[in-house]
């Protein structure tokens, strides 16, 4: 029986025809602008519009390779056991990453770990490594409690065929089979952990033995601080020794906090991943690795078997012999139909990867990826031997994971200075040099000749949380923008190195992401300049009876129509699509713009590169406003000023132009339409500026900044 199938979407033919027609019209418009620059009466306006439309044209053209050959895959994990016995399943190492117990609550991280420990997979072949880059006793304490709770939770999940194996998700779902005993045990565990977090320390009343006291004492040494502490590695569950309540083995559960020193760069998440690659190599060295963010819990216990449908299948695709990893999409719980912050990222996380899969493979999006361990040690035909034998990806580990010499070796490879004079971060492991280590590393791996697969089953394999405030979303986007530009303007730029290494089409896909922040240029021009021209009575667009008017209408309707169709055909709504395009414009006037400015400042040495976590802590009032579809401002930030100023200017221009039109003045139809479009997208700003009185309104300082700009 087949383990998987592949289907090419028929719309690819329409996409190709439309791309050809659209390209010709775009070129004609650029010619029109150039003609206006040289011979027109308003050369400055023509020049600005030319700059805006050149950027738009390039970003649109870089988007087209995604649409040339989109594919959809289907897996049949129920057929896997017909070809492979469970005892022959390959071992899997699962890496879960957290860095701050106050922004990433330990109970959330624990739920993610418990959900993958409950996979429908031989438990003795699962090893869960928790990387705590915050070096916090609170996270350690949470996992000590989780290790005990796992012994009753895992058999409960298997006996009751629990699909959403995150306890928090399960007990809040409609599938919850009433079991007050196990729910009480979970609530007790959760209460103990949250009490410790609220007190910012683990008190004696929660420590139930000398072993727990000894483990937690590792965090109380002299000088132990988040950015300056020794390595802490603790085996919390050992499948060879620990048993669940029904007598079966538990998965391995290992806590890791790598050594930190202020004198040595730690390379953020990429450094944490490389540390776990080395630590796990010394302890289990499983041939398959699953990378997970701390908030991405398993929503389907068959996901590991679904991945094996590709890892154990030949051929995966004709000529795709260099298959290296599988990407499952990021999908989210608690996402409203309106999706006011566009946080579903349907285009980069679900639509575009299908197009990449039809070429050479999807990029990695930071979580939900199953990797061959071998992929991190050179290209398919250029294996790089690691510096010590214990890190060899082909080495088979058979001994206990808690032997003193094993733990000593693990601590050694987790040292802060271990990577000095090695190839880690440059040719081995995750690559350093960008804040978006996921995009950059997968790009480099595909350039080396590896290929990947995008797997998007009907039931979400993983579910995570989304930001519930505009500021959190924009801050996250700004960080991405800086990292993407670091790649776009590096020696590994997709426009140079990428084209040589992976071909033109794949390189354009990665260039589309690398230059995302450049969207701010046309968005700023079109957000401000037509309204300024309308107020001054200067025509910058063709009149309704001019053939070029139809060119503008075709380009606008064609681009927006195709975008809307793709969203709706992938399960979204018209309202969700509208909110997504609005938030895209807001990003262009905030996170894209400020990301570009910060990148330039960093390159000029004016500011230092930093990394800020997106808070996963929910505020009840913020959550209520999010569910009602109300944008959350609530803080004074310069990032709100350009978008707020554009909204006010467009409103002023729309009213001014309409009044002039009503009084028989010159009719500037396209300018009025552009301002009206800005007004329609600015409605949440007007509400937050003038009508709202809740904590999420636009603050006075921000409003004054907007008025000053206008």
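Positions of Cβ are set from backbone N, Cα and C atoms, glycine also.
As recorded in TrEMBL:
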type     : residues      : note
TRANSMEM : 14-32         : transmembrane segment
BINDING  : 103, 104, 133 : UDP-alpha-D-glucose binding site
ACT_SITE : 133           : active site
BINDING  : 269, 293      : Mn(2+) binding site
ACT_SITE : 438           : active site
TRANSMEM : 510-529       : transmembrane segment
TRANSMEM : 549-568       : transmembrane segment
TRANSMEM : 589-613       : transmembrane segment
TRANSMEM : 633-655       : transmembrane segment
TRANSMEM : 667-686       : transmembrane segment
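Fewest other C-beta atoms within 10 Å: among the binding-site residues 103, 269, that description fits 103.
Here the transmembrane segment (667-686) has Cβ contacts under 8 Å with residues 526-527, 530-531, 533-534, 537, 539-544, 549, 552, 581-582, 585-586, 630-631, 643-644, 646-651, 653-654, 657-658, 661, 698 of the same chain, all six or more residues outside its ends. Looking only at the recorded positions 269, 293, 438, the one with its C-alpha closest to residue 133 (UDP-alpha-D-glucose binding site) is 269. Of the ranges 14-32, 510-529, 633-655, the one with the most Cβ pairs under 8 Å to the transmembrane segment (549-568) is 14-32. Within the same chain, residues at least six positions away from residue 293 (Mn(2+) binding site) with a Cβ under 8 Å of its Cβ are 96, 97, 112, 366, 367, 464. Around the Cβ of residue 438 (active site), the number of neighbouring Cβ atoms within 10 Å comes to 23.
Within the same chain, residues 45, 48-49, 51-53, 55-56, 58-59, 62-63, 66, 348, 363, 439, 443, 480-481, 484-485, 487-488, 493-495, 498, 502, 540, 584-585, 587-589, 592-593, 595-596, 599, 642, 646, 649-650, 674, 678 sit at least 6 positions outside the transmembrane segment (510-529) and bring their C-beta atoms closer than 8 Å to a C-beta of that stretch.
If you take the CA of residue 269 (Mn(2+) binding site) and look 10 A around it, the recorded positions you hit from 103, 104, 438 are 438. In this structure the residues listed as binding UDP-alpha-D-glucose are 103, 104, 133; their two most distant Cα atoms lie 13 Å apart.
In the structure as shown, the Cβ atom of residue 133 (UDP-alpha-D-glucose binding site) sits within 10 Å of 23 other Cβ atoms. In this structure, the C-alpha atom of residue 103 (UDP-alpha-D-glucose binding site) lies 21 angstrom from that of residue 438 (active site).
Distance between Cα atoms for residue 438 (active site) and residue 104 (UDP-alpha-D-glucose binding site): 20 Å, as a whole number.
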